[in-house]
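Some features that Swiss-Prot has for this protein:
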- LYS71: active site, charge relay system (ACT_SITE)
- SER146: active site, charge relay system (ACT_SITE)
- SER170: active site, acyl-ester intermediate (ACT_SITE)
Amino acid sequence: MHEIITLESLCQALADGEIAAAELRERALDTEARLARLNCFIREGDAVSQFGEADHAMKGTPLWGMPVSFKDNICVRGLPLTAGTRGMSGFVSDQDAAIVSQLRALGAVVAGKNNMHELSFGVTSINPHWGTVGNPVAPGYCAGGSSGGSAAAVASGIVPLSVGTDTGGSIRIPAAFCGITGFRPTTGRWSTAGIIPVSHTKDCVGLLTRTAGDAGFLYGLLSGKQQSFPLSRTAPCRIGLPVSMWSDLDGEVERACVNALSLLRKTGFEFIEIDDADIVELNQTLTFTVPLYEFFADLAQSLLSLGWKHGIHHIFAQVDDANVKGIINHHLGEGAIKPAHYLSSLQNGELLKRKMDELFARHNIELLGYPTVPCRVPHLDHADRPEFFSQAIRNTDLASNAMLPSITIPVGPEGRLPVGLSFDALRGRDALLLSRVSAIEQVLGFVRKVLPHTT
């Protein structure tokens, strides 16, 4: 069998019978068993029984037989739903989230539920109950979070794609740390129905894939049209570099990202430095206020709609992560955010969106570009520091607050710690973003050429 380079070509190989869906399933299960130390999945039961099989009645659909995993805050009918927390252990969903239904309709097979940071409230996926997610490409280092199990499952070759959620960077941070692609679409692009929330304002369903091209292919299918983005059809463009996002970088992160820009300049991409001081100040008023105010009511309403009968305090009483427990206790007590403060932050969010529109127009740019995470991937021994959360989301949270589509791609050199480079576009310009960044990744050439489990 020839090398399968892209998700689209893997789909074609399945459709043509070059590889059998059952064989792809067995390879995924074998890889998961061999790499069990990574704790990519939350399995309440054996993996074989929880890994779906291709429905031959669906043959001919675009993703027929394709294994896809889901972060464990996403409802999958008949599978456990834990949101990564001990207090929900044993709860089984009786419904599919909207995104699961969409992917099933396209022929995808549910591979299982991915481990995550407890209740999505962190960026390390160090989970005291379900186990720490390992980093497949940097053993001993943090996999990122909160969609860490999803990123690790893709990076290790267990599955070619996974679905996660992103509130302030929870898809893009682990993607960057694990050396893959993470895509957060324009907020609201895909329904969050059937997902255990953090914040209805900021939460977003997104994709973890090997490449931006794969993300673009999936985006097209989920949008109702099959499309790919060949380099020859995509001209270089003008990209803004926000000053704040390029400041105070780890040396290794800076070198990798600057080197990537240098390669792109040689092929005609234009970069302009942007003073974003007023944007930074406005953005900081939303970062924690909005999600921490919305979390408690959103979680309670979501659990009620899913048939949870024990109340949220049953869950909070069993939280294992000390940082998560501290955040919850503080904001249920003296740190509770006042309604007036929350409403003011929402108004700032509307202003931020207008300012981003103005910034793109004023500088005549199509994209923003910046290092996904300003610090290097931390060793697990040093990752669980309370201050690391703010450091990790420093750059990613702007897209979340301004509701921009955002994508990270790997730019770290082989043999070194992974580094991610992110790009944002204006709201609603997801296809443009994916087209441009698919071209960028082909210029940079930092993509591993073969899906590990398909050769």
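Note that the numbers count up from 1, one per residue, in the order the chain is shown.
Using the three backbone atoms N, Cα and C, a Cβ is placed for every residue, glycine included.
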Quick one: give me the count of other CB atoms within 10 A of the CB of LYS71 (active site, charge relay system).
34
If you count other CB atoms within 10 A of each CB, which of SER146, SER170 wins among these active-site residues?
SER170
Measure from the CA atom of SER170 (active site, acyl-ester intermediate) to the CA atom of SER146 (active site, charge relay system) and give the result in Å, rounded to a whole number.
5
DSSP on LYS71 (active site, charge relay system), three-state: which is it?
strand
May I ask for the distance between LYS71 (active site, charge relay system) and SER170 (active site, acyl-ester intermediate), taken between their Cα atoms and rounded to an integer number of Å?
11
If H, G and I count as helix, E and B as strand, and all else as coil, what does DSSP give for the residue listed as 'active site, acyl-ester intermediate'?
coil
